[in-house]
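Engineer: Below are the structure tokens for one structure; questions will follow.
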Amino acid sequence: MPGGACVLVIALMFLAWGEAQECSPGGHQFLRSPYRSVRFDSWHLQQSAVQDLICDHSLSPGWYRFLILDRPAEMPTKCVEMNHCGTQAPIWLSLRDSETLPSPGEIKQLTACATWQFLFSTTKDCCLFQIPVSVRNCGNFSVYLLQPTQGCMGYCAEAISDARLHPCGSDETETGGDCVRQLAASLPPPPAGRPEVLVELIESRLFCRCSFDVPATKNSVGFHIAWSRLSSQEVKEELTQETTVQAFSLLELDGINLRLGDRIFCSASVFFLENPHVQSVAIESQEFFAGFKLQPELSTISEDGKEYYLRIESTVPIICSEFSELDQECKISLKLKTIGQGREHLGLNLALSSCHVDLLQTSSCANGTCSHTFVYYTAVTDFSRDGDRVSNIVVQPIVNEDFLWNNYIPDSIQIKVKDVPTAYCYTFTDPHIITFDGRVYDNFKTGTFVLYKSMSRDFEVHVRQWDCRSLHYPVSCNCGFVAQEGGDIVTFDMCNGQLRESQPYLFIKSQDVTRNIKISESYLGRKVTIWFSSGAFIRADLGEWGMSLTIRAPSVDYRNTLGLCGTFDENPENDFHDKNGMQIDQNFNNYVAFINEWRILPGKSMSDTLPVSMTSPGKPSYCSCSLDTAAYPSSEDLDSVSRSEIALGCKDLNHVSLSSLIPELDVTSEYINSDTLVREINKHTSPEEYNLNLFLQEKKHINLTKLGLNVQKHPGNEKEDSLQYLANKKYTQGRGSHSQEMRYNRQNRWKRQNFHEFPPLFAFPSLSQTDLEELTYFFPEDHAEDVQQEFFPSWPTPSGLTEYSTLTLCQETLANSSIGRLCLAFLGKRLDSVIEMCVKDVLLKDDLSWAEAGVALLENECEKRIVEEGKYNTEEYGTSIEDILSVLKCPNLCSGNGQCMEWGCACSPSFSSYDCSDSYDKAPEITELGNAGFCDVQKYNCMMVRVFGKGFKELPSIKCEVTKLQYNSSEWMPGEPIYTQTVFHNSRAVDCQLPTDVQQFDTMDLVGGKPTGKWQLKVSNDGYKFSNPKITVIYDGACQVCGLYKNDSCTIKENVCIIDGLCYVEGDKNPTSPCLICRPKISRFTWSFLENNQPPVIQALQDKLQTFYGENFEYQFVAFDPEGSDIHFTLDSGPEGASVSSAGLFMWKTDLLTTQQITVRLNDDCDAETRVTIEVTVKSCDCLNGGSCVSDRNFSPGSGVYLCVCLPGFHGSLCEVDISGCQSNPCGLGSYISGFHSYSCDCPPELKVETQFVNQFTTQTVVLTRSDKSVNKEEDDKNAQGRKRHVKPTSGNAFTICKYPCGKSRECVAPNICKCKPGYIGSNCQTALCDPDCKNHGKCIKPNICQCLPGHGGATCDEEHCNPPCQHGGTCLAGNLCTCPYGFVGPRCETMVCNRHCENGGQCLTPDICQCKPGWYGPTCSTALCDPVCLNGGSCNKPNTCLCPNGFFGEHCQNAFCHPPCKNGGHCMRNNVCVCREGYTGRRFQKSICDPTCMNGGKCVGPSTCSCPSGWSGKRCNTPICLQKCKNGGECIAPSICHCPSSWEGVRCQIPICNPKCLYGGRCIFPNVCSCRTEYSGVKCEKKIQIRRH
């Protein structure tokens, strides 16, 4: 070949080499920083702009090309001085021995070196660190395969000279530095167009086709085509060559020479047929991938719940064997798997919507795609701080009968999952709230609040807080919550009841079928957790006082939360925010404004109304699709994702962790898949039964009998299936008392706030689903006035508890608990904050039992920390993880009384409870009685006494021992004990029934004139070992005041009487003798006679009473008694036949025409008498023509007005008009017969009418005959009783016609003969006929229509009507009289008689109800009302006037009196009890105190001011001082003593530690980083090398 042609070919080959993948424009990245130049001195960067230093430790591995200000550059091959190339340690390319740079198109593996010079050293080390670098010569430039550096180092670049930037042209060759153009005769043909590789189907076989465009030329050309593929080592392997005159080539995809998954290339060169050795440069095609591609939407995702699609496509057609079954669809099935990189125990962090996809056969390929499908993937929300992780999605080997497809494994892809924080919020006990970001504050307010609201999705939690029994300070506790996620709404509530009595109930108000919700119980129901599909959960730790809540926020809510739990953005400073998310101004009480901001108005919370939520669209379920389920730990070993494999599609599994390290019992089905969606927790179900539930789950795996363990059954319990038992015991408390709470809300709610009242007991039925949907109740705390109460608690407490003793108890209870000791490394400072909460709880409530409430927080926090980080740091924590898991499963390690199983404690015989701490052999302990043991028989049913304590067990043998105490002389003596019925509520509360005569007053003993009944109570679980005794006092609140404020005794009230052992309030009358009354000022022990009794008073009578002869005269006397006594009427004198009823109704049948005098006597119950005489005038009855007189009801009785009732044929006011006159010849052809005021007609025989009565609503047929023709006429008669008449003329020629009209009441029946129409009679048919007859002198005006006289009504006038009508439910009687209901009198029952004497200006509304004036209440308005109520035991004497006990004064007895007065600003809290100002203590508060106390020998020199010894500082002298600052993360733990990390040592932690040690004189310059001497390298400098320097 001539030299010129050779040069041309080489030049064209350079072009081909430049087409390597890394040489292509998208195959590499650029490093353009001018600082990388070897000539750039980086000293000034270190002095002024450290952030601009070149540090390639975070450089992504890949191919790079260097540019300096857009000028081509390459790595230098000579040693570069330190502090050049924009960095401290520049990296250059070292060519050792005979190494050279790669020639064009070649790639070489070379070594790069970093230059470094140690401090105080005079020589530099050009190759202190070595990094492998691959170099590819792309012709005009070079690219480098670079790796990230170990530290802050930088790769150098050197600009290419101008001479090298302008090589000779493609048709030129370099000769002596000059470019000489070649001769035209030796030029090769122009190259072909870039080939393209495609797959096509030819006769059921797959072929790769390489085709290209042919350049235009004058000569005949041929083509040389070469096939190659890229090996797994990224090296091209030639497959075959072909010389052809066709512009394409075919190569079969046979699975042997060419397989699926190959990356295929073809190249084509052109040659002249006349001169075959002259060829063009070979042009290579783009890479063609034959097989399946997995193309993710994003390769880097976050744990934020978002979903992404994965496109799976095939670049080759899907074909099926001709021998395959005809009914099978032609497809290729792929099974997907996910493999997480890194340590196996991290668990999976990627989930797929399906582990199985199908690629179906298509008719053709388009845009390089022959078939495709989709599957969704998402990050697993694992609630772990596992950092950013990478997972592979791989495809299992394809199983197919076609050799081409069988065992083909498509390339996997990598998905990087970025970790997103999750957080927990705690609201415990008082409650103390710890926000998502860790800020701690107290919310002592009551009401309903927004606890947690997501701005990124439909999720919200409302919490209710009630007053929880602090005797001295206004504190609150959680009593329930409602949580909503989308369409799922769950309520867990115990607010509708009284403190320590109410039981929590849980129900699902709404459910979204597209989501999964889970409800679980742990520790025998002490923990209840609601899990939502997003991963959020709400856990309630139950107590008799309410519940503590733990809320978990998933990563999807990061930076998207509002409410009392804060903003969840890892910045606690902005947790106090308003409803718009804006931070509330910083001030001393900004938390108060923050709490008020999130308080919900009454009736607006989800507890009161069902929120409107849009049903979320259906989302795909996800599977783990893990590679090997056995390779991952089970749920007990902290795996957060289920390992079940779904064959076709994912159904129920989630991409969110819903597992717990604390053993749990899934009880979801009890609330979702049952007719009743509510079950009361811990009510009527003992812990033993819950334990039985757990055992039932494990019975098929564990033989508990062989272990000698107690399955905790009792006689009677094993008869029922435990779960069925729970299902049958579904009650709720509060429904039955709803109406009472609405009526007596003020008094009822004070029962919750005042511990000293005895709460009522009610029985409540089960609730239906309809009840649950409408279940709302009145929550008084929502309506209470929001008043910020400042209080200053101080030590010691009123009961004498000191701060030191309380702190010791809290530390022992919490820090020394099993969870506190074993999980200390994880709890850290959280343990200290929980101990502080414990101390504050005891201080505020003065009750040591609250010390245990914080253990639940430690359990939840420990579980959280282990889930977040513990299981990923097994090297650091060692075997302590296993110990912690054991104590989470088995609290207190089963107290040494049982064996720890996977599901919890299996207690030994005679022990029970979730931690086996309760012993059956141990007698229970009574701590107190309901309402401190006092019960007022006037207010409550004292038959049942609520007993609070510890160790109660629901056993058939549980019983109460009740002993009546008899007062003998000066002491109480016990009587015979009685064993009574016991109602078990839970392990801390039972009800004891007292004997049936407990409320009979004759059972009370007079103690100095004070009637009191005392009973001693004991409780036993087994009937043998009884608890300590407690005394309950039954008293009559009408006469006595009992309670704590009366020094545990009772005192008799003023203004009461004690008569015959019974108690009466002043003004009470003798039940059998109304004239005897209680007058304590006259006699407290006998009845007093009702003095100054006034006689009854008759109300004003009518001026004149009249009646008429023959009237049944009735008149009602009305009177009242000033004292409210009953009145009795008697007739003293009057006419014969007259009488008066005891109620005052006078009756007389008037049979005389003379005026009569009547005398009536009125007597009250005390025989006071009043006489009244009335005169009645009798008028005559002036009705004529036999008419009779009746009373006119339009006038009141006694007016004497009457009406006349006339006989037929007469009318007029006095019946004076005769209406019986006849018309001329009224009978026509018949003969006229006259009668008394009437007439009749005697018809000829031929016109006589046969009358037959028929039933009502029949058809009346009249047959008329004329000219031998019969005509039938039918008519309906529905208004009267029909008659069927047959008029039978004797002659067929007769024609009937009436000359004169018959009138409206008659009809023509024969020639000139009219007869009465049906329903009418009389000579002129003027009298209508009514059947039945009209009563009470009613008049028949139309057939069967009566016109009634005044005072009567109805169809036949048989109903009495009174005018005016009777009032107040009175019944009308004959004679326009009213009979009145109880409590009303008068002619129209218009006067009410009040049976109660309404006092203090009250008015009688109904006979038994008084309407009181403001400030008074009670049945007779005798009790004054003080608002606000009298405090500190004060009694309400008059409206808003309190009578204070000794030691208190003020309008509401709110001020205490201390003598001597409190010093130094101390506050008088109650009688002679001072509360010290902060910083002082002592009897006179003369001592200053430091709280917390000074540490490390510091002295308290002022309130909370410490004087620290040398070497210590800080407010508490708790901060050590190191004069020489600790370096490299060391911590100053004592004066001038540093605690160093494991990789540093020395006084100031300034000396690094290399393990293993550096060899051959190497020096340790960083932890585990050696600086080797010249000619040595390696991690430990263990390798000896030769360095060639240039």
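Any Cβ shown, glycine's included, is placed from N, Cα and C.
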Engineer: Which of the listed positions, Asn703, Asn816, does Swiss-Prot note as N-linked glycosylation site?
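Structural biologist: Checked Swiss-Prot: the N-linked glycosylation site annotation sits on Asn703.
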Engineer: For the candidates Asn367, Asn1047, I need the one that Swiss-Prot annotates as N-linked glycosylation site.
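Structural biologist: According to Swiss-Prot, the N-linked glycosylation site annotation belongs to Asn367.
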Engineer: Have a look at Swiss-Prot and say which candidate in Cys1183, Cys1222 forms the disulphide with Cys1204.
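Structural biologist: Going by Swiss-Prot, Cys1204 is disulfide-bonded to Cys1183.
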Engineer: Ranked by the number of other Cβ atoms within 10 Å of their own Cβ, which of the disulfide-bonded residues Cys1189, Cys1308, Cys1378, Cys1462 ranks first?
Structural biologist: Cys1378
Engineer: Cα-Cα, whole number of Å: Asn367 (N-linked glycosylation site) versus Cys1206 (disulfide bond)?
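Structural biologist: Asn367 (N-linked glycosylation site) and Cys1206 (disulfide bond) have their Cα atoms 114 Å apart.
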Engineer: Go through Cys468, Cys1183, Cys1215, Cys1474, our disulfide-bonded residues, and report the one whose Cβ sees the most other Cβ atoms within 10 Å.
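Structural biologist: The residue with the most neighbouring Cβ atoms within 10 Å is Cys468.
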Engineer: Looking at the disulfide-bonded residues Cys1189, Cys1532, Cys1540, whose Cα is closest in space to that of Cys468 (disulfide bond)?
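Structural biologist: Nearest candidate: Cys1532.
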Engineer: Would you mind splitting the domain 'EGF-like 1' (1177-1216) into helix, strand and coil residue counts from DSSP?
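Structural biologist: Helix/strand/coil tally for the domain 'EGF-like 1' (1177-1216): 0 helix, 14 strand, 26 coil.
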Engineer: Compile a sequence-ordered list of residues in the same chain as Cys1442 (disulfide bond), six or more apart from it, whose Cβ lies below 8 A from its Cβ; state 'none' when nothing qualifies.
Structural biologist: Cys1426, Cys1430, Leu1431, Gly1434, Ser1435, Cys1436, Glu1451, His1452, Cys1453
Engineer: Of the recorded positions Asn968, Cys1215, Cys1462, which one has its Cα closest to the Cα of Cys1366 (disulfide bond)?
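Structural biologist: Minimum Cα distance from Cys1366 (disulfide bond) across Asn968, Cys1215, Cys1462 lands on Cys1215.
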Engineer: For the domain 'EGF-like 4' (1422-1454), DSSP counts of helix, strand and coil?
Structural biologist: 0 helix, 11 strand, 22 coil
Engineer: Measuring CA to CA, name the entry from the disulfide-bonded residues Cys1189, Cys1298, Cys1462 that ends up nearest Cys1540 (disulfide bond).
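Structural biologist: Closest by Cα distance to Cys1540 (disulfide bond) among the disulfide-bonded residues Cys1189, Cys1298, Cys1462: Cys1462.
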Engineer: Please spell out the DSSP helix, strand and coil residue counts for the domain 'EGF-like 7' (1551-1582).
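Structural biologist: Per DSSP, the residues of the domain 'EGF-like 7' (1551-1582) fall into 0 helix, 11 strand, 21 coil.
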Engineer: If I take the alpha carbons of Cys1549 (disulfide bond) and Cys1526 (disulfide bond), what is the distance between them in whole Å?
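Structural biologist: About 6 Å separates the two Cα atoms.
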Engineer: Given the disulfide-bonded residues Cys1183, Cys1325, Cys1474, which one's Cα is the least distant from that of Asn968 (N-linked glycosylation site)?
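Structural biologist: Sorting the disulfide-bonded residues by distance from Asn968 (N-linked glycosylation site), the top entry is Cys1474.
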Engineer: Rank aside, I only need the closest one: which of the disulfide-bonded residues Cys1181, Cys1206, Cys1474 has its C-alpha nearest to that of Cys1378 (disulfide bond)?
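Structural biologist: Nearest candidate: Cys1181.
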Engineer: So of all those disulfide-bonded residues, Cys1181, Cys1204, Cys1206, Cys1298, which one's Cα sits nearest to Cys477 (disulfide bond)?
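Structural biologist: Nearest in space to Cys477 (disulfide bond), counting only the disulfide-bonded residues, is Cys1204.
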Engineer: Measuring Cα to Cα, how many Å separate Cys1532 (disulfide bond) from Cys1538 (disulfide bond)?
Structural biologist: 5
